[in-house]
Amino acid sequence: MAAYCSRVYHHHPVSPSTMQGSLARPSIHAGSASLTFRARPNSVSIVRCDADSPPEGSAVAGWAPPGPYTGRDPAARKPAWLRQRAAQGEKYARLRESLGELKLNTVCVEAQCPNIGECWDGGGGAGGDGDGIATATIMLLGDTCTRGCRFCAVKTSNKPPPPDALEPLRTAVAVASWGVDYVVLTSVDRDDLPDGGSGHFAQTVKALKELKPGILVECLTSDFRGDLEAVSSLASSGLDVFAHNIETVRSLQRIVRDPRAAYDQSLAVLKHAKNCKDGMVTKSSIMLGLGETDEEVKQTMCDLRAIDVDILTLGQYLQPTERHLRVREYVTPEKFDFWKEYGESLGFLYVASGPLVRSSYRAGELFVQNLVRRKKAELAPTLQ
């Protein structure tokens, strides 16, 4: 058995309605709680196990079956490749203090990102010596989302506080003062607003560009409920990279994401953003370990390339709390390397693939900066 295996259990008995909303896809036989899952090439083995008792030969104190969702053994430890040192470093401390004083939210904190120490300290965390480029993803429109995706740690409410009208200018002033060349702006979903928050996003981008014309701005957006006018408003605000995450494969959309999100809706948003502006760089992200098959991942990558998405990130899903979806599989670093090579073979200009990669992971690294600037330079002669 592999050194780091993911044991999968299912609560017994299993009702048809529970299975419909579950991530499991095994063959189930009446009167039996034993389930068999397929293993994947170059990936973590998933073992056969009984749903109502601990794995054979393992006396686990306090063992109990997991909740209604299929998932790994609650007593299993994360593989070594997912363990990170505690966030630290001079740049990290300075940036955290600055964000606190300015009352700015970051997705790094709110979504419990495992890379916060590495990104905020310019790559000096668990990722190695780094390149000195500190990256923080500013979260606009508050810290409360109107949607309830079952993978996300951000708090939710049907009626979040109204947007802060001064936030766009305050954010622009703060970011301009940091002396960075690349910034990522994201937001919670705001289905309570007529434009989904697109105008607030656009104001922030315009304010940033006025204060620091040379800065590169990436916006990681919601789907604005599929409102393409809202997409156009943001895409024409001066941003350089339009990012929207498809999150998972088609078959798992309703299980993983809020019902208001949809696979084709996300593709439509990305396609429209690409067509709104010549030279627009588009980007998306896929989580792995939720029960998807290799063929489904390949199809999702092909669908993204078919609408000319330039940048793709792939990372391991990690369960934020017991209330969220459980991890179905720990994907090995070697398999993530395979996905990187496969993505590059499809024509993505840049693929970041690894267990701890997230959609904004090291977004401002030099390769991405050079890619955006090169596209701008190629477009410049046509505008003269």
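Every residue gets a Cβ built from N, Cα and C, even glycine.
What Swiss-Prot lists as [4Fe-4S] cluster 1 binding site is Cys108, Cys113, Cys119, Ser360, and the listing cites sequence analysis. DSSP assigns Ser360 ([4Fe-4S] cluster 1 binding site) to coil, not to a helix or a strand.
In the structure as shown, the Cβ atom of Cys149 ([4Fe-4S] cluster 2 binding site) sits within 10 Å of 19 other Cβ atoms. Under the heading [4Fe-4S] cluster 2 binding site, Swiss-Prot lists Cys145, Cys149, Cys152.
Annotation source Swiss-Prot lists domain 'Radical SAM core' at 128-349, citing sequence analysis.
The transit peptide annotation in Swiss-Prot covers 1-48.
Here the CA atom of Ser360 ([4Fe-4S] cluster 1 binding site) lies 18 Å from the CA atom of Cys149 ([4Fe-4S] cluster 2 binding site).
What surrounds the [4Fe-4S] cluster 2 site, by Cβ distance within 8 Å of the Cβ centroid and not counting Cys145, Cys149, Cys152, is the set Arg147, Gly148, Phe151, Ala153, Val154, Thr156, Val188, Asp189, Asp258 from the same chain. Across the structure, Cys145 ([4Fe-4S] cluster 2 binding site) and Ser360 ([4Fe-4S] cluster 1 binding site) are spaced 18 Å apart at their Cα atoms.
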